[in-house]
Structure formats: structure tokens, C-alpha cells
Amino acid sequence: SLSVTIVLCGICQWCQRKLGKRYKTSLETVGTPDSSRGRGEKKTIKLPAAGKAVNTAPVPGQTQQHDESDRKTEPRSSVSDLVNSLTSEMLMLSPGSEDDEGHDSSSRENLGRIQFSVGYNFQESTLTVKIMKAQELPAKDFSGTSDPFVKIYLLPDKKHKLETKVKRKNLNPHWNETFLFEGFPYEKVVQRVLYLQVLDYDRFSRNDPIGEVSIPLNKIDLTQMQTFWKDLKPCSDGSGSRGELLLSLCYNPSANSIVVNIIKARNLKAMDIGGTSDPYVKVWLMYKDKRVEKKKTVVMKRCLNPVFNESFAFDIPTERLRETTIVITVMDKDRLSRNDVIGKIYLSWKSGPGEVKHWKDMIARPRQAVAQWHQLKA
């Protein structure tokens, strides 16, 4: 029997319903909730292959990485069918940039990399997966950091999964967590694809995908534990591309201002039943995670490749540049219900590689409009 005590804030019924629903989902999914205090608890999942998956606690006496994480209670990100087709790499194009030196890495978004090990014990019919660490993860939060954790699947089974702890405000997290898929026959194991998805935990909204890795288990030697370093690739969330946005930034240090020119978009995701969208763009100026000023374009009716050509000026003192973020959100206007988010872009010193490059190009070329295409993200 499992006794659970939930302390509710008592502020509103909505909060109680949300917390109650999320905690119930957690218990149904992983059995025993994990927490930052109960590090010795095990998580068990009964698999279709008559096996079970267990997250084992670290061996006593081993050095532990400092962990100030929380457990997530409701899985919110979907996993696309990656058995037959893996995601293609997103390209970040920067037209007009003089800093490109012909290297492939200049146009490829760096999502970081992850270290893990995997092996199979034939005597115990157990598959072991150890998530060790990640490096150079992109920042997903306004504060210029992320709260990463890892989901582990054995595809094509997408209903059952295991998760690591959340590492707060860490772009180079160390997990050192071991997961055992016990009672799992070898002939079943080699039919599976090990799928790791790294996400940024968000307490108040949907978790943001950071990147993914997929390895067919019939392609590796499982007779002993093998350790891998793999570059993360863009996540396939089943929704397809959200489209791209071309915009320019112009920094005027003498006037302490940045002019954002929303030029045009292409291949926007259709959000309406008729296979189209009514897009417009919101531009938020953020300082130290606080909203300062908002501006927006006109709505372009029934158009997936709109041309805006609208400019917005923001007053930004030089000493505030490093704490400033410009958030670009492409929206779909809906007359009868809430407007839908098509995709977002975060521009600052501390965003993703493509965004940081655009920001630095803007600083390096004062009084010049520096244009760049950006892939819209969830």
C-alpha cells in the first residue's frame, strides 16, 4: 500500500484540480514518485515484454553530484514514431553574415551532446541503461540557462518510459543514474530502439524539447557495457516544422536603441481547419526575466508565407544589453477562441547558438540592419 500526503495551497479549486490530476498521473505512470529527498526509492514499470524497468539508486559511497532537482509529475511532450524515420537536422541560415568561414558547424544548430552507457546481462535477462551527463546544452529559459532532464524509451513502445531527475539551472548536467529493464528477453531487446530525449523542465507550462538520440539496439554489442557520446539532434515532436522567420536587428549605441524589423515568414504551420493560418508577430522586450514592453504586427489573413516589413524600436541602455532578451512570437489569430502560438524565437547573449550569433553580429555592426532566418521553436 502507498500512502501519499498532498499539501494544497487552498487558493483556488483550479490549483487543487491541477495538482491532484498531475499527481494521480504520476502514480499511474511510474508507480512510486521520486523526489530530491527520496533518492533511494525505485521506479518500476511493467513492460509488454513481461519485464520491468527499475531506476536504481547510486551505490553507497560513490561520489554524488549536487542535486537540487524536483521530479516531474506529468509527462507533457509527445514522441514521434522514430523507428522508421529519424529527424533531419535543422539548419540555421544567416544571409549576409561575414562571419561564416565555410565550416559546416556555422549553419548547424548546436544542441549539445549526451553521454550514456548500455549493456545486457544474459544471466539475469536485464538491459542496463546509464545516463551519465550532458554538455553544452542550449539555454531555454529567459535567465539564460535550462533545467534539463532525460526521458528514456525503448521504441516502438511509447507508453512506458523512465526519467532522470531535473538538474536545475545547469547546461552541463551530471545525472549518473542507472535504469534496469529486468526480465527482458534478449530476442525482444534487439527489436527495440533506445530513444533518449533531453527536455527543459518548465514548472508552469509544457516542457521544452532540447534534443534527442536514437540507437537501434541490434546495431551495437550488448554483451558488455559500452559508453557513447552522441550529439543531440532536433526533436521530432510529431507536429512537423513550425516554419521560419526572417528578421533584422539594428543596434544604435549612441541612441541606446535596438530596431527590430519583422521582414517575412515562410512555411508556417497551418493552425486552422482550412489548412491555413492568420499569422501576426508579437515582440516582447524582456529585462532580467521581466516584461518591459510589447509590440505587434498586423494580422495577415489566410497566409503561410506572410510579408510583414514592420519595424519596432526599443530603448535599451548599453549597460542593460547583457540582461536583455527579445522574445519573438508568431501567433495565429482566432476570432472565436484563444490565439494559437505557432512558434517562438529568443534573442539574447544567452539563447541558442543561432540566436546568439545574430545578437553578436548586431553588436559587432552598429547602425547596420543585420538580417537572419530563424527556425521557429515550440
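Residue numbering: from 1, along the chain as shown.
Glycine is treated like the rest: Cβ placed from N, Cα and C.
If you look up TrEMBL, you'll see 26-35 marked as compositional bias 'Polar residues'. Residues or ranges marked as compositional bias 'Basic and acidic residues' in TrEMBL: 65-75. The annotation domain 'C2' is assigned in TrEMBL to 110-230, 241-374. For 26-81, the entry in TrEMBL reads region 'Disordered'.
Residue counts of the domain 'C2' (110-230) by helix, strand and coil are 7 helix, 65 strand, 49 coil (DSSP-based). Secondary structure by DSSP for the domain 'C2' (241-374): 18 helix, 66 strand, 50 coil.
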